[in-house]
């Protein structure tokens, strides 16, 4: 039994007209039709809709249809509350919500020693006195980069480089303080602060290639903080908490660069360059971590021993939060993320207090940085809410807002129900006692903005009117009177400034009118969202069909899979992507399906935790069951059902091809093939350490190569410079296939490309290879005959 039917898709009318009513309607329609024909004959005017263009693959890859969003920087300009900066072309304008709108600086102002700076990015100090611009940026890892920085004084118009003794330093990270215009930055893995008076203060002296101060190493950047920074400023900007990461015990992974960073004029050009990265794999050492707090007034740093001599060995620090100007809350898990602890440290008294420790028997604690304090200097009415913090905790299988007292007593839940708080608390209104958050209360595929009253615990919807679909995000001003509301879909995105005090206030920041105009001339697929039920479990799916879909034809079906733990692909977002191209282009006209199987997020924690310790089992089964459902539909060509994915989606593609017989074709890009080869923090969170789950690791790897010989054909692609999912994974797969005498596959290798496969025009190349290959597999329509041709049948 399942929830999907033709009625859901609008293929069968469910009108309830009686026969007499039908006859009247038919007569009326006949009269209208006759008059319409007469009118068209007399006027000789054609009102047929204009011919639309097909989506271009190059336009998809080059993101022609990517929506625009204004970068809004909240500042404190000349004592004006809730002012912000917005970029308009080459101008950076300072605005307030009602009156002020003036240019703070122009790109033409960025001149150093007579040379116009071609900047990569910019950020503004909170007092708007300085603009920090980066130049000559080079990518480090996914979220980090190296760059040279310049400071533009908005009052004097002077431009100075960030460095010391007229040296132009290449800097790893630079961040403004929350007040004034102090600047923290990392150079050669040591932490510095540029003070308000312009002097530079060095805080650490032990930075090396293995020791990182205030900066993430590879594993913390990729799997824990999703940021290059481990710096947290105190609210008054007098102190900095930061992590010291030491990866000297981590084994080094080496991979070659064949073309990147090689100068053909040098003798060593004939030899490839060797790249080395400290990459912890399951069961191997992780970086050791220490928390320091630096007092900028005394130039003293203190090391706080938060996790020594206790069961929570090898901690992974998830979050650091300043409670006030002298106390810090630190949240960390054990190595495999089954236990979590929150500790409060007083930086002046040097005392440490455990607020909360809890463990799970099944599942894991996801990484989150959602904890927030009640605003300082709040009204005495809400004084009881100041001695603790707000965070997201599990309650009856879902994640909800809670207040956690510092005294260790039980949490107070602010929300409850069969839905998730996905982001919050975003803002806490200290005047009215309202806590703002984003949630799936309306539907798990949507995100709406709400607030809950601390007085009554009633929930009020801001974007949720009970009818309109929507996926929103938001950012609040520091004082909380205004917020930027971003609408991400399903229709064309827009951006507005709204007020928490005045419901009628609305300032449009971005309408994406140009994008709307572009979309008006192209053919897009129809998109449907629904739920599919099998084995008493319900799944969200998204289906894209050709715009001229004909129920009497037979269509190939392509599943697009990701499926990683806690992820979500079936969401009501605006997207004109590769899947839209394959569904709408007249050469292909595939039905493209995405199903969020077990292990994915926002369908209950039991649904998510079901894959714990045996990745790949339920995820592939769910894709297979969904594949069988679509293959049985009368308008589907059951012999041409394929699946493809990237990264975890590549792994899921291979695992599904290995274990499910409904798919004849598949494409796996940058796939994991053996979890023993992936990084420790991610893998152990879901699989535990290898020594405690040998059978789980064995079963989860791609290993039954005989099953691949039964496929019609499959395709694998990987970049040799992938620092995330190493090329080693695909080489292990190729070796197993060769040993099994399996020859029905194709492979594309992209020299020196990282996980995104973009180096040296590889972005265009990979998608052209994918589209050509899947066209050969599932069939390409001959424009002269309208007949679908299959290369490998």
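Indices start at 1 and increase along the chain as displayed.
Cβ atoms here come from the backbone N, Cα and C positions, even for glycine.
Per Swiss-Prot, the features are:
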- 647: active site, charge relay system (ACT_SITE)
- 722: active site, charge relay system (ACT_SITE)
- 755: active site, charge relay system (ACT_SITE)
- 1-24: topological domain 'Cytoplasmic' (TOPO_DOM)
- 46-793: topological domain 'Lumenal' (TOPO_DOM)
- 25-45: transmembrane segment (TRANSMEM)
Across the topological domain 'Lumenal' (46-793), average pLDDT on the 0 to 100 scale:
91
Neighbouring C-beta atoms (10 Å sphere around the C-beta of residue 722 (active site, charge relay system)):
22
Which state, by DSSP, holds residue 722 (active site, charge relay system): helix, strand or coil?
coil
Could you tell me the C-alpha distance between residue 647 (active site, charge relay system) and residue 722 (active site, charge relay system) in angstrom, no decimals?
11
Which residues does residue 755 (active site, charge relay system) neighbour through Cβ under 8 Å, counting only same-chain ones at least six apart?
142, 647, 670, 719, 722, 723, 724, 725
